Amino acid sequence: MSKINAAITAVGAYVPEDILTNKMLEEMVETNDEWIVSRTGIKERRVLKDPSKGTSYLGIQACKNLIQKSGIDPKEIDLLIFATVTPDLPVASTAAYTATEIGATNAFSYDLQAACSSFLYGMSTAAAYIESGKYKKILVVGADKMSSIIDYTDRATCIIFGDGAGAALFEPNEEGLGLQDEILRSDGIGRAFLKIDAGGSLLPASAETVKNNQHYVYQDGKTVFKFAVSNMADVSEQIMRKNNLTGDDVNWLVPHQANKRIVDATAKRMKLDADKVLMNIQRYGNTTSATLPLLLNDFEQQLKKGDNVIFAAFGGGFTWGSIYLKWAYNTLHN
Ligand SMILES: CC(C)(COP(=O)(O)OP(=O)(O)OC[C@H]1O[C@@H](n2cnc3c(N)ncnc32)[C@H](O)[C@@H]1OP(=O)(O)O)[C@@H](O)C(=O)NCCC(=O)NCCS
């Protein structure tokens with residue numbers, strides 16, 4: 001029997017309609033368009049304004065988009081992994097709600113949280129299940145309503161993050177396509193530099209924590225930047241070396257959209273031409289768990305069967321890693 005790999009066989013995405021531009025942020029905090037673009041590459045981001053909707057709404061729309069494009073019957077889905085740092089509720093699984101809402105009534109489901117590396121880690125988990133032969137159809141959703149945890153008076157964070165969602169379907173492939181290799185890492189040293197202080201077991205919510213703005217994302221941007229640049233570039237270079245890939249062999253880099261300068265540094269270390277680097281940070285900012293599937297969906301038409309794709313991510317914790325995957329299909333529609 002030939003080896004089973006886990007291939008991505010369909011993708012979908014959703015971003016909310018409301019746009020928050022750099023110009024609009026200029027009215028809210030002491031900043032300007034030129035500074036934001038030159039330091040981050042971001043022009044605008046999307047925000048889910050409806051206060052009655054949580055992250056599941058974004059994820060459900062992305063799943064529905066994937067189902068509609070691929071024609072898959074949701075009842076065939078075995079497992080739904082919902083990668084997010086902004087679950088609808090702290091306890092009830094956002095994945096379970098999403099699976100039910102999209103009609104994946106035969107699936108089991110759970111949330112996965114590894115900050116901005118959540119989707120990358122979810123890919124690894126899905127692939128391990130598929131390779132083992134245990135499950136045949138796994139939907140990995142990456143979605144975040146970052147606007148629910150951002151302090152729009154803090155210019156160090158509010159310029160960066162946006163809301164969005166994407167989804168990818170993983171299925172067995174016996175032609176050698178799909179996930180080939182991975183390097184995943186974490187280091188708890190990062191907890192001091194990118195975090196939300198309150199609302200967890202260490203510092204439960206109280207009137208005091210609300211008064212002190214401790215339910216918002218805090219980051220030491222300079223430190224996070226340094227770790228992100230060196231770690232994301234290191235693992236991306238390592239995975240190429242491990243698999244005897246040169247810059248010419250790699251067709252696409254799918255990098256977490258944290259900051260254009262972090263992505264550029266990673267691509268440079270990999271000796272990749274800029275036209276092989278997928279980017280949409282200018283339109284969405286950093287959507288945390290959604291960046292990778294949003295890129296796959298935006299650039300789906302350009303990805304060709306057999307293409308060598310390197311994924312790279314870095315996030316709070318710290319968490320980071322790189323995945324090497326051979327793309328498994330050509331898009332025929334549109
Ligand atoms: C946040 C980030 C864009 C800041 O860029 P930077 O080049 O490091 O900028 P610095 O923090 O050194 O600040 C430089 C100056 O700009 C100022 N500044 C910070 N935010 C600003 C803003 N939004 N508008 C204008 N000026 C700003 C600072 O106060 C500082 O002024 P000073 O020199 O007078 O003190 C950058 O550090 C970054 O992207 N970090 C990684 C964040 C990230 O990716 N997080 C998610 C990881 S998954």
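Each position is counted from 1, following the chain as shown.
A Cβ is built for glycine as well, from the same backbone N, Cα and C atoms used for every other residue.
Other C-beta atoms found within 10 angstroms of the C-beta of C116 (active site) number 31, with every protein chain shown included. Taken from TrEMBL, the feature active site covers C116 (among others).
Annotated active site per TrEMBL: H256 (among others), in sequence order. In the three-state DSSP scheme, H256 (active site) is classed as coil. The local packing around H256 (active site), expressed as other Cβ atoms within 10 Å of its Cβ over all shown chains, amounts to 29.
Per TrEMBL, active site is recorded for N286 (among others). The secondary structure of N286 (active site), as reduced to three states from DSSP, is extended strand. The number of other CB atoms found within 10 A of the CB of N286 (active site), across every protein chain shown, is 24.
The domain 'Beta-ketoacyl-[acyl-carrier-protein] synthase III N-terminal' feature in TrEMBL is assigned to 110-188. Taken residue by residue, the domain 'Beta-ketoacyl-[acyl-carrier-protein] synthase III N-terminal' (110-188) breaks down under DSSP into 22 helix, 32 strand, 25 coil.
Annotation comment: TrEMBL describes 241-327 as domain 'Beta-ketoacyl-[acyl-carrier-protein] synthase III C-terminal'.
TrEMBL lists 257-261 with the feature region 'ACP-binding'.
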Distance [Cα-Cα, Å, rounded] between N286 (active site) and H256 (active site): 8
Cα-to-Cα gap, C116 (active site) vs H256 (active site), nearest whole Å: 8
